[in-house]
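Here is the structure we will look at.
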Amino acid sequence: MASTSSTSTDRINIAIDGPAGAGKSTIARRVAERLSYVYVDTGAMYRAATWYFGQRGIEPEDEEKLLQMLPDLVIELIPEPDGQRVVINGQDATDEIRSIKVNAKVSRYAQVEGLRSRLVALQRQMALRKGVVMDGRDIGTTVLPDAEVKVFMTASVEERARRRFNEMKEQDQITMEQLIQDMARRDRLDQERKISPLRQAEDAVLLDTTNLNLEEVVNVIISMCRSFVRVRE
């Protein structure tokens, strides 16, 4: 596959936001590969925290206890040829953070202000040197409001559920109908939360991926980047 390279002086930051199942992580990872950039999956970081505290019986409502243990949480995102490994305090939890149980709770943990503040600070630090593709729900609005390229990806709830079903069907017993309901619930929680709700940044480009394949979406975003930097395939 052809690759796109850039020099240290023309690197930019790319923010990709959108609801659950919109394909953000897959697209962001491919864009990062094409540009030889660093990919940061912020959703995996919140999932990692959800799994970590859930394993210890600490609910998001027990904020005092959660924040007491927060300094002990160490999350590592390790690039792999087919994605990334998520290591939590030395334990590989790549599969565990994608479980139904984590799916059901991650939005609640993401509303804990102290946890969110720590992860946002870490994410901003990762982007200081530019050359980062970061995806999540509040990247363009909160984490990297000055990102040179901002994309808000979306798709129909049915299409998003279908994509997530294909990801999860070998891990958990779940039906499409359950996933559609879960997606709708997650959308509502993300949009209505008080801290960094899911919304499109004013200067972000809305990209509906319902009828687009992976490479088509990647090419659209790469084309957007060309308006900021000169790149060579």
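Using the three backbone atoms N, Cα and C, a Cβ is placed for every residue, glycine included.
Curation does not apply to TrEMBL; its annotations are automatic.
Per TrEMBL, the features are:
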- 14-225: domain 'Cytidylate kinase' (DOMAIN)
- Gly18, Pro19, Ala20, Gly21, Ala22, Gly23, Lys24, Ser25, Thr26: ATP binding site (BINDING)
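On the structure: features taken from TrEMBL.
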residue : record           : Cβ neighbours (10 Å)
Gly18   : ATP binding site : 26
Ala20   : ATP binding site : 25
Ala22   : ATP binding site : 26
Lys24   : ATP binding site : 27
Thr26   : ATP binding site : 16
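DSSP classifies Thr26 (ATP binding site) as helix under the three-state reduction.
Under the three-state DSSP scheme, Ala20 (ATP binding site) falls in the coil class.
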